[in-house]
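A short worksheet on the structure shown next.
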Amino acid sequence: MTNSNRIKLTWISFLSYALTGALVIVTGMVMGNIADYFHLPVSSMSNTFTFLNAGILISIFLNAWLMEIIPLKTQLRFGFILMVLAVAGLMFGHSLALFSAAMFVLGLVSGITMSIGTFLITQLYEGRQRGSRLLFTDSFFSMAGMIFPMVAAFLLARSIEWYWVYACIGLVYLAIFILTFGCEFPALGKHAQHSQAPVVKEKWGIGVLFLAVAALCYILGQLGFISWVPEYAKGLGMSLNDAGALVSDFWMSYMFGMWAFSFILRFFDLQRILTVLAGMAAVLMYLFITGTQAHMPWFILTLGFFSSAIYTSIITLGSQQTKVASPKLVNFILTCGTIGTMLTFVVTGPIVAHSGPQAALLTANGLYAVVFVMCFALGFVSRHRQHSAPATH
């Protein structure tokens, strides 16, 4: 594989995470405007975003098989057509059913693209380089989370319709579409060259279960928290711009944290530092929820920084539970994380309707506490120390 081809594939991976991050994170910023557009209460409107998350979940789950049947390049190009149709549906359709269908299609496109992005990184890089590249790739999720809420706030403050936010997100997929030209993708399934060596199957162990629960609770907690921060902040009397700034501050700090931890993690045992980070994140989230308005920006900045490496560390630890990194194992943990994404508004919507945004934030805080417990319990059963020792690529 040529170096320019590797760079193109790596950038497709980066942008695939940016696309998913933009779609998922911008929800909290535009939810109120979309609710007004359809004359619905915000708590009811949040349920329709479950279609976006369901699309992401279904596509990540199915793409473990689809990648072996349909070439990756074909999937990405077809995804671009679906993206254009979905954004057009949001712009020109005025029914809630069409909105829900468009959100589902956006979720499908996003999930397929993200699963391809994750696969490409695990194929292109090995050993420690894989972990740091995954962390850097994941930072594009948070980079989009920093940029697109600011774009949304800018557009909405000027009374520009909410659907233009999704048109802007579509530009990310346009970049992916352009990168597919003159680019060779790894072949899979019937298109791949098969080696004669027999594949040795390994048992995953109970540590994978702990990591799967941690992944689900972490993503559900994180998105449950950040999706309702704008509504919570507005309830405290903050302006739309200030509420958007809190979300952007979180993702900016999250992004810088990922870059920092891609170096820091090399010097620590991954399970131990993951436990410390999960504990710190739970405490910082509690301080944000119970603290004064003046301290909120500082708490959300530190929360973003110290929670940034948690999810990627969970995935990396999962890949180290077997001697040979298993794509199905990594996909299983990714799927559990995506279930957390899908459940975000299923769980928090009724809580907000019944008890308000602060109750949703406290629920998210409880989920972070579960992540800490899972990471602590993992220390007694994890196989990563015996499997990661020889990996010095």
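Using N, Cα and C of the backbone, Cβ positions are placed for all residues, glycine too.
The record in Swiss-Prot shows differing topological domain names for Asn3 and Pro357, meaning opposite sides of the membrane. Counting C-beta pairs under 8 angstroms (sequence separation of 6 or more), the transmembrane segment (51-71) reaches the transmembrane segment (101-121) with 3 or more such pairs. The stretch from 101-121, 162-182, 273-293, 332-352, 361-381 with the most CB pairs below 8 A to the transmembrane segment (134-154) is 162-182.
In summary, the transmembrane segment (361-381) lies against the transmembrane segment (273-293): three or more C-beta pairs, each 6 or more positions apart in sequence, are under 8 Å. Between the transmembrane segment (332-352) and the transmembrane segment (206-226) there are 3 or more Cβ pairs closer than 8 Å, counting only residues 6 or more apart in sequence, so the two stretches are in contact. Long-range contacts of the transmembrane segment (11-31) within its own chain (CB-CB distance under 8 A, at least 6 residues past either end) are made by residues 42, 45-46, 49, 52-53, 56, 76, 106-107, 109-111, 113-114, 116-118, 120-121, 136-138, 140-145, 147-149, 152-153, 156, 162, 165-166, 169, 172-173, 175-176, 179-180, 183, 223, 226-231, 244, 247, 251, 341.
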